Amino acid sequence: MLNDLASAVIVIVAVLFVLLTTIAYLTYLERKILGFMQDRLGPMEVGPWGLLQPLADGIKLVSKEDIIPTAANVAIFKIAPIISLVPAIISFAVIPFGKNSFHFLGITTHPYITDINIGILYVLALSSIGAYGLLLGGWASNNKYSLLGALRSAAQVISYELNAGMAVIGVLLLAGSLSLVRIESAQSGGFWHWYIFPQIVAFVIYLISGIAETNRTPFDLPEAESELVAGFMTEYTGMRFSLFYLAEYGNMVMVSCIATILFLGGWNSPLPFLDFVPPFLWFMLKVYFFLFFFFWIRATLPRLRYDQLMKFGWKVMLPLSFANVIVTAIVVYMIRR
Amino acid sequence: MTLKSLMKSIFFVEIAQGLKLTFTHFFKKKITVQYPHEKLELADGYRGFITQRRYDNGQERCVGCDLCEAICPAKAIRVVGDIHPEFPDRRYAKEYTLDFTRCIFCGFCVVACPVNALSMTKEFAHSSFTREGLIYSKDQLLALGDRCESESISYLKIRNMWGAEDSGKDEGRYHFPPISATQSGG
């Protein structure tokens, strides 16, 4: 009993540490990658190669004045960033980062916080709750730009969450389980077992929907700088603003983790003779590839128009994901019979 | 929509081309100059801060003729010419102020000056906490000129304004002999 508690605490602390460091350095990584792709150097001043930039940004954001607009709905204004951030972080409870249980201070523990049998459903549910944070924040600011940004983000998140969910179903049919640990185990033994190959359509749909759900370029209409100032975040300053920022980057890591687990085999090594590399490293490698892809896309594509976004979501992605589910279901039924 | 363009959009051909372009730029040499740590070499004709110059014996060249004030398009220069207190046959600038908050660094004053009393340096990073701090008096301009004498000379040479003192090209530029020479002669 005590041993279980201790192991849970160790894993939670480790996951939070890794996650928050990753999020902090994602801001640095994003600026560096964007800079390099635009023939610039990115941040260089704070520390060697600007490596202490996230620390400096954090200190700046915390020490900034906390402004609450007079006309704002204070209670909702204050709670919205928290509603946005908390689901983004607690959904990491079901992510399996590695394969083997390990020993720490004499306590045996496993590399995930919990393995619930509805893992993927839990993640999808929490990501929907996160959208409330943006909506409430945009509404409570009592600012037309915030409200427009919030409405856009609500419409966008709802339309694309549907596609992401439909894309996931294909993988679930193949794996026969909702538990993320079991989905990963089902893909072990070389890269030809990964679900990216039978589910390539679902993979593309999930990736596009993931970018749209996290409000990243080219789907960053909710915070379109050139049209809506900063969308739902317009009235936020200092620490509250940074909470929204953390939530956005947390969601990015989340989408990358899910894409890794569902389509790239999670901690499985691509070739059997590469098994000596720890599974945790394989997992991180794949997650960072997706994160790099996020920034890569941002450096490449311009923002979509709002009607293009909706047309693409409902008229292209949704029928495709439905078709994918139906075809997968029929094939799986034929094979298993 | 033809079949070809349909296939193009299904397989994200154009997006892949864009991704390839940004990825090649990721490894290209960066063009950023880390300014305070590394500086570009400025050309000799660079129009930086304006200086006042002296003759070799330390006598200031300015004769208070007001031509620079007259040509200045930004009205940044103010000259109060007067008879030299020691040498009544000479004029000089009793007051000379150059307002660098107004100056547009066009270099017209340097062109207008008949005695090459003005030139431009490669300095550009002067700053001040007050507006008054950027209104330079004659002494400040002369001090700047003393500090950047070689830059001033190279500016005048590259702009074809190095007159009679050298085998210059602009022979029409009038050259007043230094005061001490006049004094010994008369």
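A Cβ is built for glycine as well, from the same backbone N, Cα and C atoms used for every other residue.
Features reported for this protein in TrEMBL:
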type: TRANSMEM; residues: A:6-28; note: transmembrane segment
type: TRANSMEM; residues: A:79-98; note: transmembrane segment
type: TRANSMEM; residues: A:118-139; note: transmembrane segment
type: TRANSMEM; residues: A:160-180; note: transmembrane segment
type: TRANSMEM; residues: A:192-212; note: transmembrane segment
type: TRANSMEM; residues: A:243-267; note: transmembrane segment
type: TRANSMEM; residues: A:279-297; note: transmembrane segment
type: TRANSMEM; residues: A:317-335; note: transmembrane segment
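Within the chain carrying the transmembrane segment (A:118-139), a Cβ under 8 angstroms from the stretch's Cβ atoms is held by residues 73, 76-77, 79-85, 87-88, 90-91, 93-94, 146-151, 153-154, 157-158, 161, 164-165, 168, 172, 178-181, 183, 213, 215, 222, 231-233, 236, 244, 247, 251, 254, 258, 262, all 6 or more beyond its ends.
Of the recorded ranges A:6-28, A:192-212, A:317-335, the transmembrane segment (A:243-267) has the largest number of C-beta contacts under 8 angstroms with A:192-212. Remote same-chain residues near the transmembrane segment (A:160-180) are listed as 94-96, 112, 115-121, 123-124, 127-128, 131, 186-187, 195, 198-199, 201-203, 205-206, 208-210, 212-213, 219, 258, 261-263, 266, 313, 317-318, 321-322, 324-325, 328-329, 332 (criterion: CB distance under 8 Å, separation of at least six residues from the stretch ends). A Cβ distance under 8 Å defines the sequence-distant neighbours of the transmembrane segment (A:79-98), meaning residues of its chain 6+ beyond its ends; these are 15-16, 18-19, 111-116, 119, 122-123, 126-127, 129-130, 132-134, 136-137, 140, 180-181, 184, 236, 240-241, 243-244, 246-247, 250-251, 253-254, 257, 261, 266-267, 278-280, 283-284.
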